[in-house]
Amino acid sequence: MGTPPGVPVSRCSAGAVTARGSTAPFRAAMICLVLGLFAGLFHSAFGGVHERTFVAIKPDGVQRRLVGEIIRRFERKGLQLVGMKLLQASEELLKEHYIALRDRPFYSRLVKYMSSGPIVAMVWQGLDVVKTVRTMIGETNPAESRPGTIRGDFCVEVSKNVIHGSDSVDSARQEISLWFRPEELPCWEDTAAHWIYE
């Protein structure tokens with residue numbers, strides 16, 4: 001049910017829109033607050049079902065209309081989508097993203113290719129999500145990827161391998177902060193989690 005006409009709305013820190021003056025408890029906001037506190041206290045150990053990873057569907061994946069199929073696979077696995085946007089990434093952003101590869105001979109071609117079309121940037125959350133997503137994506141070289149993985153099913157060449165996924169928890173944290181502002185990652189209660197986790 002939407003907010004009645006004329007009732008002002010405000011946005012809580014968790015990104016939820018609420019009617020001003022409402023006495024309903026901000027359950028999602030409190031969950032975000034508690035999780036944020038624990039993340040700060042136990043930065044290195046924080047993970048479990050709240051681990052997050054960065055995923056980007058590359059220009060070839062967008063042009064080939066694979067966005068829906070990729071999202072469907074992650075959702076059917078039981079992962080939670082917490083952020084997504086379609087954007088044309090600048091070369092500056094991509095150079096920062098791929099800074100670890102700056103001395104590789106293919107670096108310039110990679111940056112040029114990744115800036116050649118729109119990208120779908122996403123943040124996914126779940127138990128061991130970094131490892132899970134990497135497994136579902138497959139090997140960097142599609143020829144070495146098993147059938148059933150995203151690259152094994154949809155890719156032929158390593159230069160157009162459809163999708164990027166963070167390779168570690170630390171990389172995920174850095175990449176998420178590079179591509180998303182905190183307010184772009186709303187905290188919402190996944191009611192399906194009860195049927196996925198113990």
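Quick reminder: no glycine exception, Cβ is built from N, Cα and C everywhere.
Unlike curated entries, TrEMBL annotations are predicted automatically.
Around HIS164 (active site, pros-phosphohistidine intermediate), the C-beta neighbours below 8 angstroms that are at least 6 residues distant in the chain are PHE54, VAL55, ALA56, LYS58. What TrEMBL records for HIS164 is active site, pros-phosphohistidine intermediate.
As annotated by TrEMBL, ATP binding site applies to LYS58, PHE106, ARG134, THR140, ARG151, ASN161.
Each residue of the domain 'Nucleoside diphosphate kinase-like' (50-187) gets a DSSP state, and the totals for helix, strand and coil are 69 helix, 26 strand, 43 coil. If you look up TrEMBL, you'll see 50-187 marked as domain 'Nucleoside diphosphate kinase-like'.
Among the features that TrEMBL reports, transmembrane segment is placed at 28-49.
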Within 10 Å of the Cβ of ARG151 (ATP binding site), how many other Cβ atoms can you find? Include all protein chains, please.
22
Just how many other Cβ atoms lie inside 10 Å of the Cβ on THR140 (ATP binding site)?
13
